[in-house]
Structure formats: structure tokens, C-alpha cells
Amino acid sequence: MAGEQLQVLNALDVAKTQWYHFTAIIIAGMGFFTDAYDLFCISLVTKLLGRIYYHVDGAEKPGSLPPNVSAAVNGVAFCGTLAGQLFFGWLGDKLGRKKVYGMTLMLMVICSVASGLSFGHTPKSVMATLCFFRFWLGFGIGGDYPLSATIMSEYANKKTRGAFIAAVFAMQGFGILAGGIFAIILSSSFNAMFEAPSYEVDALRSTVPQADYVWRIILMVGALPAALTYYWRMKMPETARYTALVAKNAKQAASDMSKVLQMDIEAEPQKIEQTKEQKSGFGLFTKEFAKRHGLHLLGTTSTWFLLDIAFYSQNLFQKDIFSAIGWIPSAKSMNAIDEVYRIARAQTLIALCSTVPGYWFTVAFIDKMGRFAIQLMGFFFMTVFMFALAIPYDHWTHKENRIGFVIMYSLTFFFANFGPNATTFVVPAEIFPARLRSTCHGISAASGKLGAIVGAFGFLYLAQNQDKAKADVGYPAGIGVKNSLIVLGIVNALGFLFTFLVPESKGKSLEEMSGENEEKEPQGEAEPPSSSGRRTAPVA
């Protein structure tokens, strides 16, 4: 196999875009649709949880989750996702993509339903069971990252591979949108059926008993799209690259892909046999891996880590923006269900105007511009807009300038999605060897989730007012929003610099990028030219 690609892999590389490509996008993409719905729907209901379980009689404002409870409820799924990315990424390389793919989906279905059924006699016990199930929900979601990206990259052709992987990731946008739209419909229906006064008119009656069903239903509905695609996931054959290059079964790989591509493919078992007696290739913790792909892994982990710090910390000033432009009035002027409606409407508008278009711009341009250019451009504009928000921050706080602030804020989201938020997902699925591809993608994604935890919670404390008296209830003094935005601008600038460690994979086969065509050469033997005359990608 040295220097020469198996016919089955070459057939996949040069295949015209066919129906099976789109079914693979839908099957893998529905997992991501569910991931986004499940991860982001919690932000729609945290205010409601505070009103229901932490109401204080006679208080001027509605009940809210204490800082530690809020951090746990919002962040525990991120912790589960990080663990799941590492574990299922490794398992996907050990057992195969298909075997593990069904496990992650069933875990998501079961834990989505269980989250909505969280039980207990006290607020603490309800929040504890909710956090328990959301951790395991995150664990399942984590597995979907490396597996979906790897499966899509190994099914796709060279010409449109970037667009196909990005399209799977772009389903996240529709998941966020679906969560918002469903919450709008549900809260509107409950508001019409169970009328309630605002908190300032009647504090107790402003939260109707039926409000407890609202958050539970919103969380449980996330199980539906995952359950609907389970059957189709189980019908997908194992990827030819795993079967041929890792499981070393050329006959099975050729048979599977002959059905998928609807053409005759030669099995070529002799090429696989040549490699069986040789070493099966270097492992993750070897000098050879460090030499070939060490800088690549540093590039994918660092850029994803830095991106997610900036991306997830943007929720810092989301509530201030929504309040400033009147999308969300003060909490005491609404009843509990009306507040869910207003938050859902605001998040849906942001998703519709900036998040979703950004994803699909990437899908449209990634195979024309290349991954490197899009990631560099995204980090550059995120840096520019973050500093443009930070340096004249006092200017943006005046009422007449708030619309400009919202536009700038939306543009940072747009260039995150038409930029590193998509490319950091695509590239790790393309540049590592088949036997380590899922593992390395899982490590890169877990690094991103670590950044998300730093961004979402580190900056929640960091962005508090420098005057302790003006900080949110229960929080210590921080460095203020302006200084936090400057820090985020620096984070984006570092992301721009670390992008130079990541190689361009546009238009190249996966084996060309990973160097698998020549890595099994016996030592001392010259490398013959490949049958197609291709050069292998330079390695770090």
C-alpha cells in the first residue's frame, strides 16, 4: 500500500456528489441538530427555574438561581461533553465509527427525557438530579463531535469534503433556532391557557403551577430528532477507511462501498496483506506522531480552545443587549412564562440574523477559499469587532448608540461561524491518520469545550463590575465588561496567530494529508512515486 492508494478509497475521493452524500449529511447532521438544541435550550429556562424554585416572599425581584447553582446547571453539560469527546473519540478508533455512533445517540435520547423528569422534594434535589442527567446528556453529545466529523470526512469526496463536514456542523444553527421557536410556541400556548399577572402586580400568582411543565417539556423534546435518526444510523455501513486501513478488511470495505457508490470496486486484499506483517503504524504517544503531527495537534487544540473562550463568553453581555434595546423588559414587569417567551424570541432573532447565515457562508465558500483563509479571516474580524466594542465601550452604553452595539455584536457571531467555529470542527477530521482520526478530533474538541467552560464561567465572574456593590447578587467584584472585552480581543488575536500551525487540506485526499500512503514504508527503502503522481502533504 506504500505510496499507492486503495481503489476503494480513490473511488470515494473522486466520486461525484450523490444522494448518499446528502443522506450522510442528514443522518450525521441530525445528531448535531440535537446537540445544539440540548446544549443551548437550558439558557431559555434558567430564569424560569429561578422563579419556580428560588422564590423569596416579599422580594423586590423574582427568584433567581444562586451563582453556584446557575454555574452547575449551565456548565455541567459542558463538562460531560468534554469527557464524552475524549472517551468516544478514542472508542471510535478502537471499535469503529458505526458501533459507537448508535451508543451516543441512545444516551442523548435517554438523558434528554430524564432531564425533563428531574425529581426531588426540595429545590436542591431537583437541581441535583437535573445536573446529573445533563452531565450524561453532555457525555453523549461529546461523542457525536468526533464521530460525526470523522464519518462525514471518510464518506466525502476530495472536491466537496469541506462543505459536507461544515454542513453537518451547520445543523447546529438549526438546532439553536428550533429550540427558540419551540420555546416561543410553547410559552405562547401556556400564556394563553394560564393567564398570570406580572411579578410586580402579584409576585406569587405571576408563576403559575403549570410553569413547571414548560421547562420540562422544552428539555424533553430534544430526544425526538435523535430518536428519529437512530434507525438510519444503524443502517449506515462502516466507513471504508476504517474497514480497510484500521480493521484491515479490504474485501468488506470494497463490498460496502460498491453498494453505496453503486459500482464495482476491486477488493485488493494483497495491498492490505503487505501492511499486516509490517508495524501497524505509530501510536498517539510516540516520537513519530510528535514529529509528523505534533504541531498539527497543537494547532487544532489551541485554536479551538481560544475560539470557544471568545464564543461562549459572548453570552456575558447578551442579557444586557436584549434589555438595552427593549427585547427583554425588566423581570418584575413580566410573569414567569412571558419571560421565557421574551428570552426565546431574542435568542431566535440573533440565531436567525447572524448565527445561521454564518454557518452556511462557510459551507458555500470552504472548498473555494480553503480552511486556512476562512479561519484566519474569522479570527481577524472577531478581533477587530471585539476591540471596536471594547475601546469605546462607554460610547456604546448611551441609548442612541445601542443599535450599533447590537450590529457589532451580531457581526462577531457571524464571523465566528463564517470562520473558526466551523473550520476548527472540519480540519481535525482531515489531517490525522485513520487509526487516530477520531481520537485526535476528540482531543481537539475537548480542548474547545475546556475553552467554553473558561469563557462561560471565568468571564461570568471576570465581567462583574469593579465596584462590589454594583456586581450581580452573590458575585465578587470583577474587572468590568470593558476590560473583559479587551481580554477577549487578545484571545481572538492569539487564535489568529495559532492558525498558522494548521495545514491547508483543501482538495487533498485524507491519506495525502495524513501521510498514510507512505508511512508504512519499511525503513531504508526509497519511497516510490504514487500512481497518481501526487505528493504527500508536508508534515510538521
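Using N, Cα and C of the backbone, Cβ positions are placed for all residues, glycine too.
Feature list (source: TrEMBL):
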- 24-507: domain 'Major facilitator superfamily (MFS) profile' (DOMAIN)
- 509-540: region 'Disordered' (REGION)
- 20-49: transmembrane segment (TRANSMEM)
- 69-88: transmembrane segment (TRANSMEM)
- 100-119: transmembrane segment (TRANSMEM)
- 125-143: transmembrane segment (TRANSMEM)
- 164-193: transmembrane segment (TRANSMEM)
- 213-232: transmembrane segment (TRANSMEM)
- 349-366: transmembrane segment (TRANSMEM)
- 372-391: transmembrane segment (TRANSMEM)
- 403-422: transmembrane segment (TRANSMEM)
- 442-463: transmembrane segment (TRANSMEM)
- 484-503: transmembrane segment (TRANSMEM)
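Remote same-chain partners of the transmembrane segment (100-119), defined as residues 6 or more beyond its termini with a Cβ less than 8 Å from a stretch Cβ, comprise 31, 34-35, 38, 84, 88, 91-92, 125-127, 129-130, 133-134, 136-137, 139-144, 147, 151, 215-223, 226-227, 229-230, 233-234, 236.
Sequence-distant contacts of the transmembrane segment (349-366), counting only residues of its own chain at least 6 positions beyond either end whose CB sits under 8 Å from a CB of the stretch, comprise 162-163, 166-167, 169-170, 172-174, 176-177, 180, 318, 327, 374, 410-411, 413-419, 421-423, 426, 506. Long-range contacts of the transmembrane segment (20-49) within the same chain, counting only residues at least 6 positions beyond its ends with a Cβ under 8 Å from a Cβ of the stretch, are 62, 64-65, 70, 73-74, 77-78, 81, 104-105, 108, 112, 127, 134, 137-138, 141, 144-145, 148, 151-152, 155-157, 160, 164, 167-176, 178-180, 183, 211, 214-215, 218-219, 221-222, 225-226, 228-229, 232-233, 236, 260-261, 315, 331, 336-337, 339-340, 343-344, 347.
For the transmembrane segment (442-463), the most Cβ-contacting stretch among 125-143, 164-193, 213-232 is 125-143 (pairs under 8 Å).
Mean pLDDT for the domain 'Major facilitator superfamily (MFS) profile' (24-507) in this predicted model: 89. When the stretches 69-88, 125-143, 403-422, 484-503 are ranked by Cβ pairs under 8 Å to the transmembrane segment (164-193), first place goes to 403-422. Outside the transmembrane segment (125-143), and at least 6 residues removed from its termini, the chain residues within Cβ reach (under 8 Å) are 34-35, 38-39, 42, 49, 53, 65, 69, 72-73, 76-89, 91-92, 100, 103-108, 111-112, 114-115, 118-119, 442, 445-446, 449.
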